[in-house]
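Here is the structure we will look at, set down as structure tokens.
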Amino acid sequence: MEDYEQELCGVEDDFHNQFAAELEVLAELEGASTPSPSGVPLFTAGRPPRTFEEALARGDAASSPAPAASVGSSQGGARKRQVDADLQPAGSLPHAPRIKRPRLQVVKRLNFRSEEMEEPPPPDSSPTDITPPPSPEDLAELWGHGVSEAAADVGLTRASPAARNPVLRRPPILEDYVHVTSTEGVRAYLVLRADPMAPGVQGSLLHVPWRGGGQLDLLGVSLASLKKQVDGERRERLLQEAQKLSDTLHSLRSGEEEAAQPLGAPEEEPTDGQDASSHCLWVDEFAPRHYTELLSDDFTNRCLLKWLKLWDLVVFGHERPSRKPRPSVEPARVSKEATAPGKWKSHEQVLEEMLEAGLDPSQRPKQKVALLCGPPGLGKTTLAHVIARHAGYSVVEMNASDDRSPEVFRTRIEAATQMESVLGAGGKPNCLVIDEIDGAPVAAINVLLSILNRKGPQEVGPQGPAVPSGGGRRRRAEGGLLMRPIICICNDQFAPSLRQLKQQAFLLHFPPTLPSRLVQRLQEVSLRQGMRADPGVLAALCEKTDNDIRACINTLQFLYSRGQRELSVRDVQATRVGLKDQRRGLFSVWQEVFQLPRAQRRRVGQDPALPADTLLLGDGDAGSLTSASQRFYRVLHAAASAGEHEKVVQGLFDNFLRLRLRDSSLGAVCVALDWLAFDDLLAGAAHHSQSFQLLRYPPFLPVAFHVLFASSHTPRITFPSSQQEAQNRMSQMRNLIQTLVSGIAPATRSRATPQALLLDALCLLLDILAPKLRPVSTQLYSTREKQQLASLVGTMLAYSLTYRQERTPDGQYIYRLEPNVEELCRFPELPARKPLTYQTKQLIAREIEVEKMRRAEASARVENSPQVDGSPPGLEGLLGGIGEKGVHRPAPRNHEQRLEHIMRRAAREEQPEKDFFGRVVVRSTAVPSAGDTAPEQDSVERRMGTAVGRSEVWFRFNEGVSNAVRRSLYIRDLL
């Protein structure tokens with residue numbers, strides 16, 4: 001050992017202290033130089049080393065010679081080598097080469113996994129701690145039998161320091177072990193050995209340490225394990241491809257069987273070997289196939305089926321079955337309810353009347369299209385498909401949101417309802433289902449309406465619908481008459497594009513699914529898929545998804561794909577699968593703001609005990625939330641999902657003062673008004689300066705109202721109308737001001753702006769327009785009263801004001817100021833000043849009209865007067881008698897100014913007949929007979945026409961049609 005320790009002088013101290021015992025064992029194993037009896041060399045050319053000794057011996061060729069082992073070796077080591085040489089049979093072990101020096105380089109290249117070993121002992125530890133290798137007798141006792149050939153063959157390689165003492169102070173190199181720590185803190189290592197008496201253990205015991213199963217494994221995984229893993233992956237890949245192929249063949253076969261299957265035949269249940277659920281959605285797999293499997297409302301199902309059956313006469317040629325007469329009691333009751341005053345018919349009664357109504361002249365229903373409306377996920381599309389197949393149609397589905405072009409929309413509708421493809425699979429007529437019709441533009445809806453409004457023949461034969469005999473060229477150009485039913489599906493029936501369609505459609509409101517029926521269906525799905533779920537848990541899932549069938553089934557499939565075979569309430573609360581971003585109604589948002597939630601009605605999706613579900617909008621931090629915090633987040637989410645913030649704020653403003661206020665000092669009202677002002681400031685800043693990042697704060701206004709005014713009482717909420725009324729009144733006031741300003745004289749308008757009139761002048765002007773006048777004739781007025789009346793008339797004409805007579809709903813006549821500037825400057829709640837009497841207003845109105853005519857005649861006289869010597873018009877009074885050319889003519893009358901072009905054609909005076917020389921021709925008149933009255937009539941008409949030119953009364957005939965009350969009036973009565 002001394003020579004051996006001298007040769008290790010170049011090795012680090014920590015390595016020597018850690019592997020001292022192992023290095024000594026390796027040196028003793030390499031020291032056996034006894035030649036093998038067979039004389040076969042240890043290694044063969046070209047063969048890689050397989051054992052630890054071969055790896056050490058292979059390094060001899062490349063290493064330099066080292067001095068032999070020291071003579072002072074222990075006698076125990078020599079005796080061990082002699083026993084090992086005696087135990088080896090002939091030809092079992094090859095002759096090892098002569099040892100030159102310890103192969104430290106080979107030892108360094110080996111992975112002893114030092115990170116798993118204990119810290120090396122201190123250098124001054126006693127060498128007696130090293131456990132010597134076991135003797136051959138110990139090996140024989142260990143295996144329970146004498147030295148056999150196989151045991152002798154493996155004796156040298158299986159020698160281990162733990163053979164004599166299984167408890168080691170250092171981890172073994174070539175064995176699997178476990179470490180144990182005593183109560184005093186001493187670490188010990190135990191070697192793992194298999195049971196030698198068990199079948200198949202000896203082979204594994206011989207090969208595992210040396211074939212990659214022990215600590216000398218370079219890859220970490222044996223080659224056999226790698227091969228087995230690769231084979232398993234290849235086998236799994238082949239199984240998946242075979243499963244896909246079988247699923248494809250199964251789907252094709254099921255489609256053919258469904259097409260060839262007669263109506264109402266039961267479907268075959270899939271076998272257990274077909275794991276179709278792992279490759280398809282459960283929503284499609286468990287979708288209803290028959291009428292009896294539907295979960296929707298029975299009344300809705302029957303109404304849609306009855307409407308489809310109304311097409312049987314046109315599509316199938318089947319006569320409509322006659323209805324059985326109802327008992328005599330029920331019609332009397334219905335008629336009594338219908339004839340009751342103020343009794344409105346229910347929606348069900350209206351639908352029944354529409355279905356019982358007769359057909360149109362073309363033997364089609366009066367409503368050519370059915371419109372299903374309701375929230376998403378309730379099964380509207382499934383209902384349309386099942387009902388159409390149940391009625392004997394082949395369903396053709398199109399999505400209106402995808403085909404938004406009007407031409408494409410028309411082509412798809414005509415191809416499904418009028419072309420040769422009206423016969424679908426199996427010779428069945430088509431039924432067109434248009435999904436998401438609320439997403440179609442107005443132009444596409446107009447195309448659908450034009451197809452629905454095409455008129456057919458008015459005469460129908462007894463054998464069925466009559467075929468147009470002639471004149472069908474224009475109808476064929478339009479596309480022909482609609483002879484197939486169309487079912488439209490929408491989520492929002494109040495979309496602007498559906499206003500015209502709803503008036504002609506058979507409207508069906510899709511109610512929510514009953515929770516009991518939905519829970520039963522979900523339990524059937526979970527049982528068939530091997531998933532355990534309690535009915536209470538499924539009810540919680542239905543409540544979380546608002547009874548959405550699609551969301552519930554998709555949530556179950558998602559949890560099942562994650563390996564959950566048992567569903568609990570905590571899983572339902574923690575998951576967010578199935579939640580949809582759906583816009584809430586305005587009334588539901590206002591109800592959420594003004595009413596406190598019930599204690600037992602706890603939202604499933606907002607459990608405060610879950611750290612990942614404290615808020616629907618984000619993950620949030622862990623911790624519990626109080627009830628006030630939950631209400632805060634719930635109202636905030638409802639306000640953010642409403643989508644119409646202005647309408648929400650208007651509803652809050654119109655309804656918060658109608659609630660039961662608990663604050664007698666109205667402090668909550670003041671705080672609410674401050675929040676409303678803050679919301680207006682945010683909206684103005686966001687839209688005027690385009691600071692749209694401020695729009696994240698307005699949803700907090702409903703939260704503040706909830707904190708201030710929420711109570712347990714059910715609020716009476718009305719739709720907001722104050723904003724619309726204020727806008728209408730504002731536009732009315734602007735029109736009044738514009739009308740007033742446009743009628744003011746230019747001299748007055750130049751000194752009065754609209755704002756100055758509204759704020760300063762109009763209030764005082766109303767006092768000026770209400771003088772104290774006696775309700776008597778103007779001839780009885782004094783000079784002062786006449787001047788006051790003339791000033792009043794002049795002021796009203798300057799501001800274009802007058803009094804108009806109107807009739808009130810009671811039948812009384814009043815005079816109202818026009819334009820009514822009193823509405824601009826006086827509030828309706830304030831007491832009005834003492835108004836003028838009816839006679840006074842009538843007198844003022846008459847004087848205003850007379851003054852208007854006087855001014856109009858004066859202006860017309862000035863305009864029509866001729867110019868004298870180039871002097872401006874209006875100076876004829878000054879220059880009337882001056883000059884030879886000055887001619888003074890009387891001003892034309894009022895009717896002459898308006899009908900001047902007519903007066904030119906009329907004869908003013910009867911001119912005497914003259915001859916060629918200008919002499920008046922005198923004709924002799926014959927005496928008329930007694931019965932001849934025609935000349936007298938002619939003379940009367942001639943005199944009448946002559947008098948028309950001199951008369952002050954004119955009339956004008958207006959062509960057209962009038963429904964007014966008329967009476968015969970002769971011209972002679974006017975003259």
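The backbone N, Cα and C atoms fix where each Cβ goes, glycine too.
Sequence annotations record features per position, and here Swiss-Prot assigns region 'Disordered' to 30-83 (among others).
If you look up Swiss-Prot, you'll see Thr51 marked as phosphothreonine.
Taken from Swiss-Prot, the feature compositional bias 'Low complexity' covers 58-77.
Under the heading phosphoserine, Swiss-Prot lists Ser64 (among others).
Among the features that Swiss-Prot reports, region 'Disordered' is placed at 114-141 (among others).
The feature compositional bias 'Pro residues' is assigned by Swiss-Prot to 122-136.
Under the heading phosphoserine, Swiss-Prot lists Ser225 (among others), citing a large-scale study or a structure entry as support. When secondary structure is read from DSSP and collapsed to three states, Ser225 (phosphoserine) falls in the helix class. Within 10 Å of the Cβ of Ser225 (phosphoserine) there are 13 other Cβ atoms, across all protein chains.
Annotation source Swiss-Prot lists region 'Disordered' at 246-276 (among others).
Feature annotation from Swiss-Prot assigns region 'Disordered' to 320-346 (among others).
Taken from Swiss-Prot, the feature ATP binding site applies to Gly374, Pro375, Pro376, Gly377, Leu378, Gly379, Lys380, Thr381, supported by sequence analysis. Long-range neighbours of Leu378 (ATP binding site) (same chain, six or more residues apart, CB within less than 8 Å of its CB): Ser296, Phe510, Pro512, Thr513, Asn547, Asp548, Ile549.
For 858-896 (among others), the entry in Swiss-Prot reads region 'Disordered'.
The feature phosphoserine is assigned by Swiss-Prot to Ser871 (among others).
In sequence order, Asn491, Phe510, Asp548, Ile549, Arg550 are the same-chain residues whose CB sits within 8 A of the CB centroid of Gly374, Pro375, Pro376, Gly377, Leu378, Gly379, Lys380, Thr381, the residues recorded for ATP being left out. Across the structure, Pro376 (ATP binding site) and Ser225 (phosphoserine) place their CA atoms 52 angstrom apart. Remark: of the binding-site residues Gly374, Pro376, Gly379, the most isolated position is Pro376 (fewest other Cβ atoms within 10 Å of its Cβ). Taking the C-alpha positions, the distance from Thr381 (ATP binding site) to Ser225 (phosphoserine) comes to 53 Å. Across the fold, the C-alpha of Gly379 (ATP binding site) and the C-alpha of Ser225 (phosphoserine) stand 52 Å from each other. By neighbour count, meaning other C-beta atoms within 10 Å, the densest spot among the binding-site residues Pro375, Gly377 is Gly377. Cα-Cα distance from Pro375 (ATP binding site) to Ser225 (phosphoserine): 56 Å (rounded to the nearest whole number). Rounded to the nearest whole angstrom, the C-alpha distance between Gly377 (ATP binding site) and Ser225 (phosphoserine) is 50.
Looking only at the binding-site residues Lys380, Thr381, the densest Cβ neighbourhood within 10 Å occurs at Lys380. According to DSSP, Thr381 (ATP binding site) sits within a helical segment.
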